[in-house]
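Report on the structure given below.
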Amino acid sequence: MTGPRVWARDLAMGARFAVTGGREGWLRTALTAVGVGIGVALLLVMTSVPEALEAREKRASAREPLSAGTPMAAGPTTLLFQPADTVYRGRDIGGALLRPEGPRAPKPPGVAELPGPGEMVVSPALARLLRSADAELLKERLPYRITGTIGDQGLVGPDELAYYAGSDRLVVRGPGTSPPYGAARIDAFDRPAWPHPMRPELKVLVGMACAVLLMPVAVLIGTAVRFGGERRDRRLAALRLVGADSRMTRRVAAGEALSGSLLGLVVGAGFFLVARRFAPSVSFYSVGVFPSDVVPCVLAAVSIAVAVPVGAVLVSWFALRGVAIEPLGVVRETARGPRRLWWRILLPVVGLALLIPPDGKAPGLYGGWITGYQAAAGAVLLMAGVAALLPWLVGAFVARLRGGPPSWQLAVRRLQLDSGPASRAVSGILVAVAGAISLQMLLAGTWLFLPVFKDDGHGPVVTAGRYLPSGGDARDLTETFRATKGVRQAVGHITFEASRNNSGGVVSVAVADCATLRELAELDSCTDGDVFTGPYARPGMELSLPSRGREKRRWTVPASAVTGTRPREDSLGRGGVSGVLATPGALDTRGLPDVSAVVRMRLDPSSPWALEYVRNTAARVDPAIDVFDTGFRPKEEDTDYWVLLRSLPAGAALTLALIAVSLMLATHEQLRERKRALATLSAFGTRTSTVALSVIWQTAIPVVLGMALAVASGVALGWTMLTLVSRPVKDWFAFLPVVGWGLGVIALITAAALPTLWRLTRPDGLRAD
Amino acid sequence: MSIGHTLLGLLEAGPRHGYDLKRAFDERFGQDRPLHYGQVYSTMSRLLKNGLVEVEGIEQGGGPDRKRYAITDAGVTDVEHWLAQPEKPEPYLQSTLYTKIVLALLTGRDAARLLDAQRAEHLRLMRALTERKRAGDLADQLICDHALFHLEADLRWLELTAARLGQLAKSVGA
Amino acid sequence: MTPAGSLLAGTGLRKAYGPTTALDGAEFSVHPGEIVALMGPSGSGKSTLLHCLAGIVRPDAGFVGYDGQDLTGMSDAERSALRRTDFGFVFQFGQLVPELTCVENVALPLRLSGVRRRAAEDRALEWLERLKVEDVRTRRPGEISGGQQQRVAVARALVTRPRVIFADEPTGALDSLNGELVMDLLSDAARKAHAAVVLVTHDVRVAAYSDREVVVRDGRATDMAGAI
């Protein structure tokens with residue numbers, strides 16, 4: 001027979017072994033398929049994430065209004081568009097007011113018919129929210145009749161809250177108004193997605209995170225294709241007895257691994273299809289994902305479909321290394337050379353070198369000397385090095401152990417004889433744990449955003465800002481809010497930025513009466529006509545006030561201004577004083593264009609709906625009023641790709657659980673191998689607890705060593721990752737929960753081994769021979 | 001091998017003529033060594049003299065071959081005793097043992113007990129030999145080993161026969 | 001409960017594994033210092049009888065008496081303790097803990113009974129010397145011959161100075177010469193220690209080391225002394 005036909009024959013024979021062989025054979029193949037399948041599903045999900053994000057981004061930009069660069073006249077194809085986003089009970093609601101100016105006005109994606117005045121179309125999730133019992137205040141804010149639904153193509157995710165309302169009162173943004181305020185006149189949607197490049201450090205982090213997750217998946221797949229290895233070896237020995245040569249046995253082994261992993265691919269695809277149905281409950285920017293968006297890119301899918309079976313075959317060959325399959329049985333080369341240290345050390349060193357910037361300085365938030373690939377490679381090398389270091393470490397450690405009670409002696413001697421299987425199994429845990437620790441640290445480290453105003457127990461503080469295109473004062477607005485239900489106190493001032501005449505740069509200016517200024521800053525005395533300065537302004541400084549046209553209004557900070565004014569820590573003023581504080585007698589803001597009225601409010605802490613009343617008031621006055629909850633802690637993962645990272649420890653935990661399952665199987669197999677010795681031990685009166693303890697030691701020694709190594713390397717990797725993005729380490733003990741999981745795994749494995757142990761130490765073990 | 005005990009045993013099944021006895025013996029035990037008629041005659045007269053058999057009747061026509069022999073109570077006791085007595089373990093014992101087993105089966109006695117007794121006898125000798133061997137020099141050891149291996153072979157045969165007693169009983173028609 | 005003068009005796013022992021009856025009313029007794037061979041065809045129940053007598057298996061019915069105590073009435077922990085102190089075991093193969101060195105294997109029963117490591121290993125070494133395998137003391141079972149392994153196992157069975165040694169086909173995996181050596185050493189040592197031996201074997205030349213032979217057939221035991 002020719003080469004390819006020989007190969008085909010042997011591979012087919014291996015495949016047959018994989019699916020025949022009774023219940024046991026099926027179980028083994030099923031385990032392999034499920035293990036590989038979970039790994040494959042994880043890989044598919046991972047490669048789908050960028051695709052899903054891109055699909056969302058595309059739809060998000062498709063509904064952005066496209067305004068021509070030059071002013072446009074009203075016509076049959078124009079539409080006035082004013083964003084009217086709001087927040088309801090902590091949930092963002094995207095919205096816009098629309099006013100078609102002609103019969104062929106453009107429609108946003110997903111909207112079949114433009115809503116008329118007083119009408120709106122809503123996303124299904126918003127429709128549900130409006131129907132729910134606690135939406136009374138939201139209904140007040142959106143007093144429109146629902147006439148339609150926004151289709152999926154107009155939404156980023158299935159649970160996005162969005163509406164488009166018709167309005168006949170919209171006015172087009174006048175010349176000179178700054179972009180965010182007033183309605184825009186547009187004739188099309190779908191602004192070309194302007195490249196929204198990932199920030200470089202995010203690329204680094206995503207690369208590392210993927211690598212960190214990829215390693216346990218690789219370990220998992222590697223473990224899964226080794227299930228039932230003992231039995232397979234014996235079967236191959238039987239083949240040798242009837243005349244197969246050693247190359248043929250290797251081909252048969254490859255066939256077995258291949259069919260298991262191919263089955264795993266199918267199972268994995270199935271798992272993936274099931275898993276993506278849960279996409280809506282996974283949030284990016286607090287909006288869930290459409291299952292239809294979760295599609296791996298073709299290249300990635302093809303690579304997985306090729307790499308997994310090839311990897312499986314390589315792993316099975318690797319497992320046969322050092323094993324001579326002879327016709328009369330399997331000979332393991334027990335006398336292996338001493339474990340070499342140098343390459344085990346080299347791997348993590350090279351990995352770290354790839355991660356640490358050459359000049360030893362962190363690149364800072366926007367520094368970009370490092371690519372995502374380099375970071376990923378560094379992280380992979382570090383993890384792989386740690387995994388490779390463990391067998392050496394365990395070997396070197398147990399070689400020095402002496403004495404102890406019999407259970408300890410049994411375990412130590414066992415590990416001294418061959419610690420390979422134990423530490424190999426544990427290195428899977430190790431990689432998952434080290435990865436999870438570094439991510440945990442990273443996430444704890446990124447959790448740095450503090451609320452603008454800390455809760456002092458006197459009630460939440462919120463700020464409302466309104467743009468005043470032609471100037472004015474804050475009195476009316478302040479009164480309106482003060483009269484709103486749930487508001488205890490409201491102070492308003494006018495604020496704007498003034499440019500410095502000589503040096504460029506801007507200084508912020510706040511104008512309010514003395515009573516209000518006292519709320520904002522520590523003032524010894526105040527009468528109308530006084531001026532105060534913060535750290536960025538000084539008396540005599542010349543400023544240009546906002547103005548229309550070419551003529552500039554100049555204003556000089558009076559020499560009498562009080563310097564060194566500090567904000568009041570205990571009240572509404574925090575963060576408000578950096579430039580100039582002026583009383584209306586010193587600086588008149590009426591007729592001053594492009595200023596903002598800012599109202600700071602203290603709400604009644606006993607009224608949970610106070611904030612919503614404030615928002616309703618704001619919406620009634622002007623949908624463009626921005627109500628900012630200064631006590632709200634913005635979630636960084638809502639604003640960037642952090643959610644990806646947050647889901648990774650969960651993924652690592654899942655992987656850990658899977659590795660625990662495979663370790664349990666390995667322990668079970670190992671116990672069965674030692675059936676006779678165990679039964680004899682029990683015959684001459686060994687307590688089962690002694691043997692159980694030895695099993696615990698035997699697992700615990702490598703796991704504890706592995707944990708120590710995992711914590712060290714995980715902390716090192718986490719520190720490196722944080723340094724890369726210039727964040728301080730906030731939680732050095734982020735590893736504690738992960739260590740808990742690891743100990744849980746030891747407990748689980750031991751507990752799962754106990755029934756087998758009970759059975760094997762019964763004298764039935766002596767019987768069957 | 002004791003022809004007298006064998007013939008006595010055969011008579012236990014019922015009275016027979018001398019000629020029938022010879023034929024029965026030849027059939028079961030005399031594969032390559034048929035009995036002479038004279039041997040039967042002399043044996044029967046010895047048994048008669050010892051009161052182990054009696055002549056039940058003489059058929060018309062006279063002649064020694066016309067006598068019908070029957071076993072006496074003393075004869076039955078004699079057979080009993082002979083069967084229960086294990087043979088002294090010695091080489092080429094099988095034919096005697098075989099005869100005894102078949103007779104035991106034919107006369108409805110417990111052949112397994114007979115085998116067990118023989119086993120015990122063999123083992124007793126083996127113990128003695130093992131003891132001697134352990135105390136003795138190399139020459140002693142080698143000599144004892146030779147005997148031990150022979151005894152072991154006998155014992156294996158006994159084991160196997162014990163395992164096949166049912167089969168044997170069927171084939172001898174007992 | 002036990003026949004007069006006997007050290008260990010079983011009466012009316014029954015044991016079934018599922019549908020298979022292994023013992024069907026077996027009787028057995030052994031006197032102090034006596035070596036009794038348990039013989040019988042494969043599957044006759046001789047190993048089960050040994051396991052019942054040693055308190056490894058609890059019989060479905062019947063009694064095992066040892067030195068005035070009812071073994072069948074004891075808890076598992078009590079029987080285990082008894083096995084540690086009063087009984088020794090030698091099996092056919094695979095009985096030494098593969099990870100431990102020979103001297104550690106022999107010392108193990110002592111250590112399980114709470115003897116300190118140094119003392120236990122000193123005594124273990126004495127027994128290895130007595131069984132003429134002291135030169136393999138630091139080797140692991142996988143590195144020595146089958147005959148040496150079995151002698152180490154005998155040393156391990158004897159190290160606690162047991163009153164009864166249970167040996168189940170102790171020479172089953174050995175050639176004649178090595179089997180003989182092991183039996184010589186085992187029976188000598190047992191006699192010197194005045195230990196009783198219950199010896200399961202199908203090999204009559206091994207059984208010849210015994211004082212008495214009991215044949216097990218179809219789950220019943222027959223004392224050959226009574227058959228004569």
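Quick reminder: no glycine exception, Cβ is built from N, Cα and C everywhere.
Computed from a predicted structure; not experimentally measured.
Per TrEMBL, the features are:
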- A:211-312: domain 'ABC3 transporter permease C-terminal' (DOMAIN)
- A:652-753: domain 'ABC3 transporter permease C-terminal' (DOMAIN)
- A:56-75: region 'Disordered' (REGION)
- A:542-577: region 'Disordered' (REGION)
- A:26-46: transmembrane segment (TRANSMEM)
- A:204-225: transmembrane segment (TRANSMEM)
- A:257-278: transmembrane segment (TRANSMEM)
- A:298-320: transmembrane segment (TRANSMEM)
- A:341-357: transmembrane segment (TRANSMEM)
- A:377-401: transmembrane segment (TRANSMEM)
- A:422-450: transmembrane segment (TRANSMEM)
- A:641-665: transmembrane segment (TRANSMEM)
- A:677-697: transmembrane segment (TRANSMEM)
- A:703-725: transmembrane segment (TRANSMEM)
- A:732-754: transmembrane segment (TRANSMEM)
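A:298-320 is the stretch from A:298-320, A:341-357, A:377-401 with the greatest number of Cβ pairs below 8 Å to the transmembrane segment (A:257-278).
By the Cβ criterion (under 8 Å, sequence separation of 6 or more), the transmembrane segment (A:377-401) is not in contact with the transmembrane segment (A:26-46), since fewer than 3 such pairs are found. Contact count against the transmembrane segment (A:298-320) (Cβ pairs under 8 Å) is highest for A:26-46, out of A:26-46, A:677-697, A:732-754. Taken together, the residues of the domain 'ABC3 transporter permease C-terminal' (A:652-753) have an average pLDDT of 73.
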